[in-house]
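Notes follow the structure.
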Amino acid sequence: MVPVVEMQGVTKVYRSGSGARTVEVRALAGVDLTIQKGEFVALMGPSGSGKSTLMHIIGLLDTPTEGEYRLGGNSVRGLSEAQLARIRNRRIGFVFQAFFLLPRLTALQNVALPLVYRGLPPALRLERARRTLEAVGLGDRLDHLPAELSGGQKQRVAIARALVQEPDLLLADEPTGNLDSRSSEEILALFESLHQQGKTILMVTHEPDVAARAQRIVRLRDGRVVEGGRP
Amino acid sequence: MNPLENLRMAFESLWANKLRSFLALLGIVIGVFSVTAMVSLGQMATAGITQDLEAIAGRSIFVQPNFNEGHDFSTAPIREEDLRSLEGLPAVVIPQLFGNLQYEARPGERRSIQLQGTPGDLPRLDPTFKIARGRYFTEAEARGGLAVAVLSDRAAKDLFPGREAVGQVVRLFYPGGGRLELTVVGVLAPPAGIFGGLGAAATVYAPIPLVWNTSPTARRGEYAFLVLSLKKEADAAQVKRQVERIFEARHGKGRYQITSTESFQDTLRSITRILQVLLGGIAGLSLLVGGIGIMNIMLVSVTERTREIGLRKALGATSSQIRQQFLIEAVVLTLLGGVLGVALAAGLLLLVTLAVPFFVYILSPITVLLALAVSALVGLFFGVWPAARAAALNPIEALRYE
């Protein structure tokens, strides 16, 4: 079976300054990572370990300096900005710590937003957004603005926004970081149920008890995977 | 993602910041308003000038001897044969005489007044002449050289202040001392329009043969100047060329000066056109200032919506889609300003027309279209940089932005 994420020797070097004063920061120093379809993986590591960089590369918001990254079996090397955007739109569903809902759009419109960039007609978009919101248990909050929702509800809207894309990979960056424990539990339960439905999930977290809910824990230290790189 | 979608999104985001959008818009409104108003006012003035000039001078061509240094005007008189050579042109030829006379305003105080010899029934020949009271002397009276006169409005007021002039006798003196006594049979209507002043001289109109008989300088059979009152279908420029050719053939080059009221109108029109361009240009500057305001607001908007841009990119928006979004927003903003500006200008023009009858209401569709096109272009031009900045945002940085 083709893995959803397959990385070999991925490095990321940030350069700043020029000439003799060039400063190199090696954020990733050769990452090997494989995530199979249907897995629920937690990515852990101290700050500065390269978690964010790795997540950005997996989410196609950034590109590796060296090494090979295949998403669903296809190498992403040399793709244009527009091609990467298109793949993000179809294959990656982002869930952020701070939700990032557009405050002036209703829950329904927020969820429909990724489909705008897929060129779907409005009626179809809204219909799919409605069904997805219902699936995460927010069928009665369609026309609420983000400000009218609780933290847990906001994150569920954000998850619905990722799900509506029907992505190959759900990429969650500290999804419970801004939530109280009850809401966190709610969200983790939602992730577990999505996992049972066969979704592939990669969750970045620094909380061990959150990570423990995942099927496998990948530990990152100094830009390298030190544990759990393979299923 | 289709343009209609973008348009709706632009309206939504502008509506979300109503006050700011409106303030940003104001510069464009003022700019478009002033350009449209200036250009249209110029057109309205031109139309008013044309109308008024036709009212006082009609469409006519004047023929008079050219002043040549060292020669008297009378060295190039206009004779009967010249009149006959002009037959067949689409114009009524009106020969006239001209003289400077005096009248006694008070005992011992003489003032000068114009004497103009004309054929009878002048209002029929030249529709710019209108009788206010009494009548014009007839063709028979004119041919007989009867001592009758018609006064211009000004002349009636000067000669008979506070009295009815018709029926009175005018006493005039030639520079040499010869006396002329004429019975007033009519008074002309004062010329209308803002150029009325040009035709408001104090003039006494009298039959041509009478002037020949009494003037010490006029010679029988010679005229001072001709007025060719053009018929409706006549092309002024073409008739003018024909008259020039005829007089050149008969008398040689440069001895007669031939002018048409249309060339005078053209001069005035070119003046108003220059004014129009000048004022329009100055007004255009305010449009520039408005455009810079739009750019400023768009830059603020891009900064403010950094996270939104980052999110949209993460969700799959390409840079060009982001650029398009902000460009359309800028264009929608300036276009709205343009519509408001044109509407305001239309209102002002209407008020001006109601207040000053001289102006004719003109807001040509071309002006409106141009104003809207220019406002859209201003949005495009001043939106490019902010939109490019939005498009160039790195989504990672943008999402991290607080």
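Backbone N, Cα and C atoms are what each Cβ position is placed from, and that goes for glycine too.
According to TrEMBL:
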type	residues	note
DOMAIN	B:21-245	domain 'MacB-like periplasmic core'
DOMAIN	B:282-395	domain 'ABC3 transporter permease C-terminal'
TRANSMEM	B:21-41	transmembrane segment
TRANSMEM	B:277-302	transmembrane segment
TRANSMEM	B:326-352	transmembrane segment
TRANSMEM	B:358-385	transmembrane segment
Top Cβ-contact partner of the transmembrane segment (B:358-385) among B:21-41, B:277-302, B:326-352 (pairs under 8 Å): B:326-352
DSSP-assigned states of the domain 'ABC3 transporter permease C-terminal' (B:282-395) in counts, ordered helix, strand, coil: 98 helix, 0 strand, 16 coil
Average model confidence [pLDDT] within the domain 'ABC3 transporter permease C-terminal' (B:282-395): 92
